[in-house]
Amino acid sequence: MSEQAIRLTQYSHGAGCGCKISPKVLETILHSDQAKFIDPNLLVGNETRDDAAVYDLGNGTSVISTTDFFMPIVDNPFDFGRIAATNAISDIYAMGGKPIMAIAILGWPVNTLAPEIAREVVEGGRFACQQAGIALAGGHSIDAPEPIFGLAVTGVVPTERVKKNSTAEAGCKLFLTKPLGIGVLTTAEKKSLLRPEHQNLATEVMCTMNKAGADFAEIDGVRAMTDVTGFGLLGHLSEVCQGAGLQAELWYEAVPKLPGVEEYIAQGAVPGGTSRNFASYGHLMGDMPDAWRSLLCDPQTSGGLLLAVEPAAEAQVQAVAAKHGITLSAIGELKTARGGRPMVEIR
């Protein structure tokens, strides 16, 4: 079979960050009765479901460590590798850091798909690493029933500039650097619903680096930051609220959306991860139309950065966004928690 004829998405049961284990199931897996090992230098661990682990070296610099891998979300091998690598590197930027090195994680059905196709996947990952200015320095591979690719990435950040998902404050405005709808558009393509003018839109967004995160970290008024991936905007926003003990008001019309997403949702192009996300986080949300839920819970692969910004810092944030070619507008606001109200209200 030629590489051109290969459709990688036919060889996996999941796609991109949409194949994440649901938050509810993950909670069960991660529960432990063992005594917790306390390391005072571990600034960010697993407690707040942040994007990466952060370790203070004690010299003003902290190391960021993360890993991310998944099954194909696109058919093209090179694009799959590039997207998976971009998505993994994003976790470093989301913590306010800069990547310094990556190693590859590859699972490949060697008796089903030719090694030359795997090479193209790795080449896509290498290309993304070069875009980030880092080496793909090694890795590990196994014979697996489905294709899997990703990276383990190491980064550094000035300790005082670490950005967490749990440090937002009431009054902060919310901003999102990429449009939503990646899961919807990729599902529409699988269902042969995607119009010609929307071809490759999702791939372009997924291949866009979140390099702006390192610059946003220089702004004191950026109180919290995370990237929006498999748990959808509402899932990751609820983690921001839970971490800081806040509530949020989200303005649906202001949320950036990929072209055509609402039309494709109406045609049933909704990935399975959407319902899993709502099953995990829906009880924290206010009422909303089904179509809104299908977009706000849509699992994103290599999605944008979600920022909580003090009003006084908005001009600085807009200047950094413009430098990176990003158009930003506020999509909501964080508020002091009030009893009897949903954690996230959608207006």
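Backbone N, Cα and C atoms are what each Cβ position is placed from, and that goes for glycine too.
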Requested in this report: According to Swiss-Prot, D51, D91 bind Mg(2+); so which of D220, D227, D287, D290 is the extra one listed there?
Outcome: D227
**Report entry** Neighbour count (Cβ, 10 Å) for D68 (ATP binding site)
**Finding:** 25
**Report entry** D227 (Mg(2+) binding site) and S141 (ATP binding site), distance between Cα atoms, whole Å
**Finding:** 27
Query - Where D51 (Mg(2+) binding site) sits in the secondary structure, as DSSP reduces it to three classes - result: coil
Query raised in the report: In whole Å, how far is R49 (ATP binding site) from D91 (Mg(2+) binding site) when you measure between their Cα atoms?
Result: 12
Requested in this report: Determine, for the Mg(2+) site, the additional residues of the same chain whose CB lies within 8 Å of the mean position of the CB atoms of D51, D91, D227; present them in sequence order.
Outcome: D50, A52, T66, S90, I92, Y93, A94, M95, T226, T229
